[in-house]
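*Asks:* Take a look at this one; I'll ask things after.
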Amino acid sequence: MKKSRIKDISLAKEGALKIDWAEAHMPVLMKLRQKFSGEKPFKNWRIAACLHITKETAVLVRTLAAGGAQIAITACNPLSTQDDIAASLALEGFYVYGWRGLNNNEYYENIEITLDLKPDITIDDACDLIFTAHTKRQELLPNIKGGCEETTSGVKRLKIMEGEGVLKYPVIAVNSARTKHLFDNRYGTGQSSFDGILRATNILIAGKTVVVVGYGWCGRGISARAKGFGANVVITEVEPIAALEARMDGFMVMPIFEAAKIGDIFVTATGNKYVIAEEHFKLMKTGAILANAGHFNIEIDVISLEKLSRKKRTIRPNCVEYTLAHGKRLYLLSEGRLVNLSSAEGHPSEVMDMSFSTQALASLFIVRNHKDLKPGVYEFSKEDEQKIALLKLEAMGIKIDSLTSVQKKYLSSWQEGTR
Ligand code: ADE
């Protein structure tokens, strides 16, 4: 294996402090680490991960390593790597490939180097590692026992691969676990997107019109937080049920052509392409701020924005002003890449505790069950969801009730009705 490719190893000390901080806020994953340390379930297993290189990811990496795994990690986004964390992991002896601001060639080069580990398990955030293994590195496929996928955009790609019969190994859709999307996508994205928007702009949200494009779990979280800040929240949707839900959650719902005219801040969270495009930029008010919370940088049509603009200048880190015809100014955050990880630090540790505990148990599931699994996309175990939720409640000092024997009996019978 090639030694790590990172920005600056001298940042390791700073990174280590941040990882300590994350560990203090990830009690469930730390509990799993304790268990893995004793049992070594990943002994002789090689894991290649393509994830955001953050302090929380470092806690996952250390946890899998404590269970005996050999690990190589590469960045899953050009702008999300925290260089101090990458340095710290490299100093600890992990194979790390990533730095903030790498270009597209470097990005895929690093993925290929990571695959040189000849992994037994792949862990992805948006499927670029699996994609590369299935295209440029097919010789590795027979050795891969399974994979885990972290995010909605990745699960979408995997399901299409499965449908076309090209997916060559089993992959657990970690994103579909309730311990992931109900918390990470909603509360994680809800908070961290505003963290990113505020670090990049430091504007007041109260009194602004925030347009949230897409009302999936991320959109729901972003809208709830925008409302909490005192914004007037507008939702745009293409899916009728989601649109109705948004309306009954108390938000205005309208087509993007209408919303484009009134929005002060636009946040995309659809997982789809060009949901804000040239025709919308033309309708926007001067001063409008554009941010993307989806995984890929395709939701805002940045190419058209570049073409439309006459002048471009960086106002502050991660905030670029585009001047269009008639002097209209639009502000694009983080180049249209995911704003929470590019302008801030991603989701807080407490929420990643649940997401990465789900990842850790999904990896363990592959170790234990891979011989019985065919290529395809698998749901995360319901039993493990409950285990994670109970551990999280316990860590938060929250006790809940359990069913009485009368209630259990009632729930398993059909004879008792009106009385
Ligand atoms: N995705 C969103 N937030 C993240 C974080 N803090 N670490 C890793 N992946 C993330």
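In case you wondered, yes, glycine gets a Cβ from its N, Cα and C as well.
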*Asks:* Quick check: of GLU106, GLU149, GLU150, GLU162, which does TrEMBL put in the same substrate site as THR54, ASP125, LYS180, ASP184?
*Replies:* GLU150
*Asks:* For the C-alpha pair, I'd like the distance in angstrom between GLY219 (NAD(+) binding site) and ASP125 (substrate binding site), rounded off.
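*Replies:* Cα of GLY219 (NAD(+) binding site) to Cα of ASP125 (substrate binding site) measures 19 Å after rounding.
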*Asks:* Take the mean position of the Cβ atoms of THR54, ASP125, GLU150, LYS180, ASP184, the recorded substrate site. Which other residues of that chain put their Cβ within 8 Å of it?
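*Replies:* Nearby residues not in the site list: LEU51, HIS52, THR151, VAL174, ASN175, HIS347, MET352, SER355, PHE356, GLN359.
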*Asks:* Using a Cβ-Cβ cut-off under 8 angstroms and a sequence gap of six or more, which residues of the chain neighbour GLY221 (NAD(+) binding site)?
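*Replies:* Spatial neighbours, sequence-distant, of GLY221 (NAD(+) binding site): ASN185, ARG186, TYR187, GLY188, THR189, GLY190, GLN191, SER193.
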*Asks:* What does the structure give for the C-alpha distance between LYS180 (substrate binding site) and ASN340 (NAD(+) binding site)? Integer Å is fine.
*Replies:* 17
